[in-house]
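Peer 1: Below is the structure I would like to discuss, written out as structure tokens.
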Amino acid sequence: MPPAVADGHSRRFIATMVFVLGALSATAPIAIDLYLPAFPAMAEAFGTPESRIQLTLTSMMIGMGLGQAVVGPLSDRFGRRKPLLIGMSVFTLASLLCAVATSADLLIVLRFLQGLSGAAGVVVARAVIRDHFAGDDMTRFTAKMMFVTMLAPMLGPIVGAQLIRFGPWQTVFVFMAVLSALSTFLVWKFLPESLPAEERRSMTAREFGSALVTLVRDAHFIAPTIAVLMNFSMLFTYVSTFSFISQEELGASPGFFSLLFAVGTLALLAGNQANMMAIDRTRSSSRMITGMAISLAGVAWLVGVQVAGVENLWTVPAGIVLMMFGCGVVFPNAGAAAMSSQPPQIAGTASAFMGSLQMAAGGALPALATVGGVTLASMTLGIGVYAVATAVAVAWTIAVYRREPVEGIE
């Protein structure tokens, strides 16, 4: 029999969970950036400005936000598997429909459907983790799953660049459909139901609203949740703008952009890995403070190279690497703190609320940062503002948990 580990789970069980949940929660995120290298080709094919194609990114984020608000409570009522399998099946179909879209407007609608259905993978994965773990065990598992999940954005643009090199832009969406179908099969085959029938609860609209009010009023939940969504806004400001900035302002080729994007994501992975290695030796608060300090150093570097007039394809990625490393440290600790503060019976609702806020922030705040145009200066300003907001939320989280500790979170 495999040796027992956290919370009595076997190593084989944890390894299976990491792989399945990692693949599951990576399916929608890879759909975000897999097609980034195809933006210019899509704009040309539809005869529309690149800003119009960027709306396909925003519509998916809005869909993911709304989808999580729906799927989370459903997973508390009907269990985790049914909403998950239905959502991933619809995502597969939506991906295929994107491949045959005949206009940018239709693609915007279909990307919204992708986000709406793909939200199931993101929100249910977090709820399943809360069903099995809490405290540092949850932080450790979240970090392991994130390591798998983060491979998606690292490989996405590289794979996407190769797909459009040998085929039309539609190939990217066919590839998304294949990945989604595989993830759906893994869930059906290997992911057991984690919420017993006796622990499920149904909510009326009034009860759901009351639960949301309770979550908002609970500083143990809302403080780290704000840290998560501000941290995500930093990341998405970079993700949604760097394709244009690197190619149009800094002169990178599509292939070199993919390489730079992979380097940034590798830094995110490295931060996540460093956090995992430090869990048994340090407090969550210390790790979050360290991560924020590194991210702020990255922002300061980006400002410095632009003031000095030495921004290029080497100096700019250096600052991004620091920023991404810090985000990789902060994200799993803040997310685990928020989810650990709530009981498993409402884990789906809590996950949905946090995810909806995260998607709303990811869709709206980066757009606000670049309202005057997509430039290196506007990207840096956006990342800087959200980095400071993350630091404030981290400080609030630490103060709350020191005043009223929650088991497993320090």
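Using N, Cα and C of the backbone, Cβ positions are placed for all residues, glycine too.
Taken from TrEMBL, the feature domain 'Major facilitator superfamily (MFS) profile' covers 14-405. Summarising the annotation, TrEMBL assigns transmembrane segment to 12-32, 52-71, 83-102, 108-129, 141-164, 170-191, 221-245, 251-269, 289-308, 314-334, 346-369, 381-401.
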Peer 1: At a Cβ cut-off of 8 Å, and with pairs 6 or more apart in sequence only, do we get at least 3 pairs between the transmembrane segment (83-102) and the transmembrane segment (251-269), yes or no?
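Peer 2: They do not touch: fewer than three Cβ pairs between the two stretches lie under 8 Å.
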Peer 1: How about long-range neighbours of the transmembrane segment (221-245): same chain, 6 or more residues beyond its ends, C-beta under 8 Å?
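Peer 2: Beyond its ends, the transmembrane segment (221-245) has Cβ neighbours at 32-33, 36-37, 39, 50, 54, 57, 61, 153, 157, 215, 257, 260-261, 264, 268, 288, 295, 320, 323-324, 327, 330-331, 334-335, 337-338, 341-342, 350, 353-354, 357-358, 360-362, 365-367, 369-370, 374-376, 378-379, 382-383, 386-387, 389-390, 393-394, 396-397, 400.
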Peer 1: Near the transmembrane segment (251-269), which residues from the same chain, at least 6 beyond its ends, have a CB less than 8 A from one of its CBs?
Peer 2: 33, 36-37, 40, 147, 150-151, 153-155, 157-158, 160-161, 164, 235, 238, 242-243, 313, 317, 320-322, 324-325, 327-328
Peer 1: How does the model score the domain 'Major facilitator superfamily (MFS) profile' (14-405) in terms of mean pLDDT?
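Peer 2: Taking every residue in the domain 'Major facilitator superfamily (MFS) profile' (14-405) and averaging pLDDT yields 86.
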